[in-house]
Amino acid sequence: MAQLPVNKRSHASLSQQLSHSAEQAYKSEVNRIASSSSTLSTVSSERRRPMLRKSLSTPSLRFIEDSNVSVKTSSLIDDQYHQRAKEDDQKTNSSENAPMQADGCVHYKRFCLFVTPCCKKFYKCRFCHDENESHHFDRKTLTELICAECNARQKVQERCQNCGTLFGKYTCLICNLFDDLDKQQYHCAECGICRIGGRENFFHCKVCNMCLPMQMKTQGHRCIENISRSHCPVCLGDIHTSRIPCHIPYCGHLLHGTCFDQLLEFGHYTCPVCQMSLIDMTTLWEYLDIQAKLIPTPEKYEKERFHIFCNDCHKTSKAKFHFIGLKCCYCGAYNTTQNVQKRLSLVAAYDFFLHFSYQMDEARLDGV
């Protein structure tokens with residue numbers, strides 16, 4: 001087959017056109033890639049912007065570059081700062097202007113203010129001081145007070161030496177306590193503090209070293225040496241000088257009445273110290289007896305016996321195995337444990353600790 005002749009000039013022009021179009025295509029492709037890479041770098045840089053670590057209390061916050069938002073944020077922070085500064089000034093002014101107020105506080109009704117020797121400020125009572133300061137104020141160290149009627153500064157006494165105002169219907173110069181409300185207050189020399197409720201309704205137990213209701217003297221109670229000088233096992237707050245009424249369970253370990261109610265509310269029915277039942281659990285033990293009869297024990301566990309310690313009667317025995325629990329053969333309680341030696345050692349150690357604490361307090365009082 002004969003071949004057609006090729007025109008060299010047309011071939012050269014065609015190659016030039018192809019090379020030019022290829023060059024244009026190459027440039028456009030380079031520009032596209034460059035633009036896309038710049039976009040990717042911008043996105044990646046935005047992704048690499050630092051963020052605060054996300055937690056349960058603080059949400060994650062991104063760095064904001066918008067000037068309007070930053071201005072609003074800074075103004076909001078300034079407002080919060082000025083608001084807090086204003087509140088601090090109000091607290092300071094309230095303490096400074098306290099002598100001009102004649103009424104009492106939420107804790108006591110009295111017609112005087114204390115000049116606290118620790119910080120030289122004016123407060124209506126020690127609780128108001130402790131709520132606003134970072135240190136504790138012992139009211140027995142009080143030496144000066146201010147009359148709320150005439151603002152006369154004077155030594156601690158029952159009446160104002162200037163206007164004759166009675167600072168409180170009940171006054172104890174030993175505890176520096178003034179109260180205008182009748183709460184049947186009385187001062188117990190053995191406890192060393194003032195108590196409410198009437199002296200005729202309480203007696204002072206020398207072993208427990210605290211005032212107890214008179215019915216516990218006739219019905220009897222478990223004495224624990226110097227128990228009132230310990231702290232509440234729930235909130236770790238002081239019991240001896242606390243204004244919160246305390247609860248005395250069967251075991252004798254004191255705890256605040258509010259803490260006792262919270263324990264029962266959350267399903268804790270044993271003492272945090274000795275694990276003894278806080279209330280009468282007879283109804284629950286009878287219910288568990290019925291459930292134990294309805295659920296038979298497998299044959300391979302019928303002969304199993306376990307050495308147990310009862311947290312209620314503090315006796316050791318051997319109990320039959322059951323999925324419901326290990327029942328004490330003496331008192332019928334299911335409040336038992338298999339760690340007998342540890343429980344016996346803990347009870348003995350706690351009794352020794354109470355006795356040692358009492359001796360240390362006696363030595364400290366003798367030194368004073």
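Each Cβ is built from the backbone N, Cα and C atoms, and glycine gets one as well.
Feature annotations, courtesy of TrEMBL:
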type	residues	note
COMPBIAS	12-22	compositional bias 'Low complexity'
COMPBIAS	35-44	compositional bias 'Low complexity'
DOMAIN	98-165	domain 'CHY-type'
DOMAIN	167-231	domain 'CTCHY-type'
DOMAIN	232-275	domain 'RING-type'
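Within the domain 'CTCHY-type' (167-231), the DSSP-based counts of helix, strand and coil residues read 12 helix, 21 strand, 32 coil. Per-residue confidence over the domain 'CHY-type' (98-165) averages 87 (mean pLDDT, predicted model).
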